Amino acid sequence: MIPYGRQNVNQEDIDSVIEVLESDYLTQGKMVNTFEDAICKKVSAKYAVAVNSATSALHLACKALELGPGDLAWTSAISFVASANCALYCGADIDFIDIERETVNISVSELEQKLQRCLDQSLPLPKVLIVVHMAGHSADMKGIKQLSEQYGFRIIEDASHAIGSRYLNESVGSCQFSDAAIFSFHPVKIITTGEGGVLTTNCETIANTAKLLRSHGITRDNHDRNEGWYYEQLQLGFNYRLTDIQAALGFSQLKRLDEFVKKRQEKASYYIEQLSKLDLLLPNVNQLQSASWHLFIIQLKRHDRHSIFDCLRKKGIGVNVHYIPIYLQPYYRDKGFSSGYCPNAENYYSSALSLPLYPDLTKENQKYIIDVLKEVLQ
């Protein structure tokens, strides 16, 4: 089976992990700081806080922005559930914004209309907007930033798919249009630490809060005391630490980020070239950005997605679907959401199919995928 995505691990990655395994510190050593510094340099952010998953990073970003009971967060209807769950972890409520079919990102026009409608009807406005950069394509951050200044909400970029992407010639994660950004290092993402994530920000307060909360809310920074053993719990935190083993893998992988992105871009371009005459909606290529292409998602115009999915799987092609609209999950239906809430998201979901895309996907396998897809669409 050709998978829809997979990691690329070379000998340098393995050697980096072994070096840590043979060192004195497997966790809470120097490698996490080294990895964080490298992330900052790569994406031009002032601060980076590495944690054990992007979900944890989203949670910490919400906590750092003081999202809590009585508050409201909004996010995209199309994403992995963590983009919404992170607000609920804080005791806040969550609502969803419909997408643009072409980009699969938050529709700025839908966002603006919903904000104004809430204002006109004296309904609660969001304290935080969690913006998803779907499949590695940046959302319209300039437009969203303008709305945040008008309506007074804070912005978290869920850039789990988008390390290595650029928008208006700035690295996604530089936080030029947001309070914080989040990357994921799951094995199918652009680079991996096995499991892991990172929060980037230009705000020292957000960074310090995230660092405190990722390790139980405990500090050892005791300037007024001489006891080397002394520590203080200042807040109710979590055990969200990344190990030095994982950080070593991430630091090694980061050196090849540009290579990985270039290969993904080349394979995406080949798909677009070969599939352009088929009855499909292909990913939107926006001149304002350079995508890292975590996913290559096609949208079927008239074929039944279920049958096409099954045909491709039977032919050994590991297609997938990203994602079911979050609010259609049973947990969120129990909160009162129902079908029809975000029509574009539901139309997208009924037609979407993710084709295999990863750096080691061979030209032979990619040609096979294209040939089989053409065959089943006839």
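Numbering starts at 1 and runs along the chain as it is shown here.
Positions of Cβ are set from backbone N, Cα and C atoms, glycine also.
Given the structure is predicted, the values throughout are model-derived calculations rather than measurements.
The N6-(pyridoxal phosphate)lysine annotation in TrEMBL covers Lys189. Sequence-distant contacts (6 or more apart, same chain, Cβ under 8 Å) of Lys189 (N6-(pyridoxal phosphate)lysine) comprise Gly5, Ser160, His161, Ile163, Phe183, His294.
As annotated by TrEMBL, active site, proton acceptor applies to Lys189.
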_Secondary-structure category, per DSSP, in which Lys189 (N6-(pyridoxal phosphate)lysine) falls_ = coil
